[in-house]
Amino acid sequence: MAATGGLMFGYDVGVSGGVTAMPPFLKKFFPTVYRKSVLEKGLDSNYCKYDNQGLQLFTSSLYLAGLTSTFFASYTTRKLGRRLTMLIAGIFFIGGVVFNTAAQDLAMLIVGRILLGCGVGFANQAVPVFLSEIAPSRIRGALNILFQLNVTIGILFANLVNYGTNKIKGGWGWRLSLGLAGIPALLLTVGALLVVDTPNSLIERGRLEEGKAVLKKIRGTDNVEPEFLELVEASRVAQEVKHPFRNLLKRRNRPQIIISIALQIFQQFTGINAIMFYAPVLFNTLGFKSDASLYSAVITGAVNVLSTIVSIYSVDKVGRRMLLLEAGVQMFLSQVVIAILLGIKVTDHSNDLSKGYAILVVVMVCTFVSSFAWSWGPLGWLIPSETFPLETRSAGQSVTVCVNLLFTFVIAQAFLSMLCHFKFGIFLFFSGWVLIMSIFVLFLLPETKNIPIEEMTERVWKQHWFWKRFIDDEYAADEKVANVSNGYDPASRL
């Protein structure tokens, strides 16, 4: 139930790309783009048809709102619990859907997107933490990827819906596309009413007995004492921390925060969102016709879902690092091939990607998407949510979501303009980043599979060749100042 938050996020990502490729929608809200892309064919360079800041704002206002609301969500996740936060997200979603479906002018449209964005902020904050806490550690990776799986199902569903609504005569198809987002919104709201809060969250808010009862229920056994005591202890430590955000900056939390931020930035710089958001627009640019382009977007969406399922099975067996490194190679190669093909075949004004080439581009995009979907996609969310200790978990998750949405916003806002200026070079730009991130993983990312969250520090960070220096110094210093209990730690200035 919890993971339906992902469904909503995915649907929003997928639907905005398809809707912005529909002529009636453009005609009503973005007349200039409509003129460029539909009426004055051939005047503008192929790569620049959709280069318009207002159109990009429609897509990315969602992320800005999500970014801002994450900080409020961090507070509610801690004080009101994971479950209520998911409920709030559901309510925001329903509001946003209503505004979007009924939109009469650009302002209403943007208000709707902003409400959806708040929902995304709250859902992306609560859901991964909820899933990580409720899961037994041997299948934590798999359960957490349910969130990402739902994101991909949402995108696929949105592409199928757009494919259908594009055919509606009378030009109100886009309203249906935006309105169907109500289904996942209702699912999330109802889901949040039905699930129990996580034991971690109940204990953190001092409701120990309830926490114990829930723990028995989700573990399916009465023998939960050891785990229960571990949670109570972790929660006691967490209570002593007065300022979780300030605490994140402490030296011993440096490894987690650096890795979390790096993973989010890298996840966006694989170029995945650029391809996902604008798949229909991208294929239009390459000279597929409108139907054909939505069709190929559906294919990429399906590949995305299937590959995410692959990662559910392999993440707790093969481990996190292997998946990331293998995918790096695959993504690098497919992007270089796409760039070369486009460089030879799609000039500013020629539209003829011959059948064979067109199929080859779609195959390459699929190769890229599949490798992303079993690596950076799910792991970018999984690894941060499982590495932070309880006392900084909700603050850490906030920073994670925030950085992710910030860079999603940057890419969403810039991509169509970049496509216009870099032309096919944009794929080379992203492949360069893929190279950088693979090197980062190789040297700096420790393996976290099958390790209980409470034991991360001992078993992961203290063993790592580079990060252990951050941990050891700090604990030595902490011993000396153990008597300074007011949360001010002179050692943190070192």
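Each Cβ is built from the backbone N, Cα and C atoms, and glycine gets one as well.
Just so you know, TrEMBL annotations never went through curation; they're auto-generated.
Note that the structure is predicted; figures quoted are calculated from it, not measured.
Sequence annotations record features per position, and here TrEMBL assigns domain 'Major facilitator superfamily (MFS) profile' to 1-449.
The transmembrane segment annotation in TrEMBL covers 54-72 (among others). Outside the transmembrane segment (54-72), and at least 6 residues removed from its termini, the chain residues within Cβ reach (under 8 Å) are 12, 16-17, 20, 26, 29-30, 33, 92, 106, 109-110, 113-118, 120-122, 124-125, 277, 398, 401-402, 405-406, 408-409, 412-417.
The transmembrane segment annotation in TrEMBL covers 84-103 (among others).
Taken from TrEMBL, the feature transmembrane segment applies to 109-131 (among others).
According to TrEMBL, the feature transmembrane segment maps to 143-164 (among others).
Taken from TrEMBL, the feature transmembrane segment covers 176-196 (among others). Residues 1-2, 4-5, 7-8, 11-12, 15, 18-19, 22, 83-84, 86-87, 89-91, 93-94, 96-97, 100-101, 103, 112, 116, 119, 123, 154, 158, 161-162, 165, 168, 214, 217-218 of the same chain, all 6+ positions outside the transmembrane segment (176-196), place their C-beta atoms under 8 angstroms from a C-beta of that stretch.
The transmembrane segment annotation in TrEMBL covers 257-281 (among others).
Below 8 angstroms of C-beta separation, residues 14, 17-18, 21, 141-142, 145-146, 148-149, 152-153, 155-156, 158-160, 162-163, 166, 275-276, 279-284, 323, 362, 365-366, 369-375, 377-379, 382, 449 of the same chain, each at least six residues beyond the ends of the transmembrane segment (293-315), sit close to that stretch. Here TrEMBL flags 293-315 (among others) as transmembrane segment.
What TrEMBL records for 322-344 (among others) is transmembrane segment.
Residues or ranges marked as transmembrane segment by TrEMBL: 356-377 (among others). Residues 148, 151-152, 263, 266-267, 270, 272, 275-276, 279, 283, 286-288, 296, 299-300, 303-308, 310-311, 314, 323-324, 326-328, 330-331, 333-335, 337-338, 341-342, 345, 437 of the same chain, all 6+ positions outside the transmembrane segment (356-377), place their C-beta atoms under 8 angstroms from a C-beta of that stretch.
Under the heading transmembrane segment, TrEMBL lists 398-418 (among others).
For the transmembrane segment (424-445), same-chain residues at least 6 beyond its ends with a Cβ under 8 Å from one of its own Cβ atoms are 259, 262, 266, 269-271, 274, 320-321, 324-325, 328-329, 331-332, 335-336, 338-339, 342-343, 346, 376, 383, 415, 418, 466-467. Per TrEMBL, transmembrane segment is recorded for 424-445 (among others).
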